[in-house]
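What follows is one structure encoded as C-alpha cells, with my remarks underneath.
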Amino acid sequence: MSDYSKLEKCLDYQFKNKNLIIEALTHKSFKKPYNNERLEFLGDAVLNLIVGEYLYLKFPKSNEGELSKIRASLVNETGFTRLANEIKLGEYIFISTAEERNKGRTKASILSDAFEAIMGAIYLESGLNTLKPIILRILEESYDKINLDVLFSDYKTALQEITQARFASIPEYKIEGSYGPDHKKEFEVSIWIDGKNYGKASGKSKKLAQQAAAKIAIDKLKEE
C-alpha cells in the first residue's frame, strides 16, 4: 500500500480506513472495480454547503444572487484544481498509462474530481464538523484575500472595455461543448479577440464559463 502520510499531513487529517483514500484517488481510467465518482458526487454537495455557509457569514450585506455568484467563482473546476494543487494531489492519484502520457496528473478535470472525492471521503468517515475546518483552511491558504472585489468582478465588461480601446472590436465567445452528468454539467467556452484565440475556460453555466474565459484573456492582454 502506498504511503499517504504526506498527503494526510497536508490535509491535517489521518484516514482510519485507508481503502477510502485509495478509492478517492482512483480515476475511472485506472480500470479498477471502484473509482472516485461516487465520492466526487458527495464531495461536490458538501463543498457547496460549507463554502455557501462560509460566504453567508463572511459577507452579511450580500444578497442571494451575489452570494451565488461568489460561490460559483470558487466551487468549480478551476477553483478545485487550485485547491488540489495546494495539497499536491496530482502526486497521489491513480490513473491509466494513457492518462499518464496525456499529462493526466496536471489535468484540471482529474484534479478537481479527486479533490471533491477526497473531501467526500473525509465527510463520509468523520462528518461535517471535521471536514469544515479542513476545507476552510485550504481555501484561505490558496486564496490570499477572499473579497468581493476579487470574487465578484465582471470580467466580461472589463474585457470589452479593453478590447474596444485597443482593437476597436468586442470579444467573441464560442461554445466548444459541454460534458459531465446532468447533475454536474460543465460548459467549455473559447474566447476570440480580433481573430485570435485567447484561451478556453469551463464553468457550470455558459455565463460562468464566459466570465472565466474573459479573465484568462485579460491576464494575457496584460502580458502583451
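Heads up, residue numbers simply count up from 1 along the chain you see.
Cβ coordinates come from backbone N, Cα and C, glycine included.
The domain 'RNase III' feature in Swiss-Prot is assigned to 4-127; the stated evidence is sequence analysis. Secondary structure counts, DSSP: the domain 'RNase III' (4-127) has 90 helix, 2 strand, 32 coil.
Cβ neighbours within 10 Å of Glu40 (Mg(2+) binding site), excluding its own Cβ and spanning all shown chains: 22. According to Swiss-Prot, the Mg(2+) binding site annotation covers Glu40, Asp113, Glu116, on the basis of sequence analysis.
The active site feature in Swiss-Prot is assigned to Asp44 (among others); the stated evidence is sequence analysis. Long-range Cβ contacts of Asp44 (active site) within its own chain (separation 6+, distance under 8 Å): Val75, Glu116, Gly120, Lys184.
Its Cβ taken as reference, Glu116 (Mg(2+) binding site) is surrounded by 28 other Cβ atoms within 10 Å in the chains shown. What Swiss-Prot lists as active site is Glu116 (among others), and the listing cites sequence analysis.
Look at Swiss-Prot and you will find 154-223 tagged as domain 'DRBM'.
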Env. residues of Mg(2+) site, Cβ within 8 Å of mean position of Glu40, Asp113, Glu116 Cβ: Asn36, Glu37, Leu39, Phe41, Gly43, Asp44, Phe80, Ser112, Ala114, Phe115, Ala117, Gly120
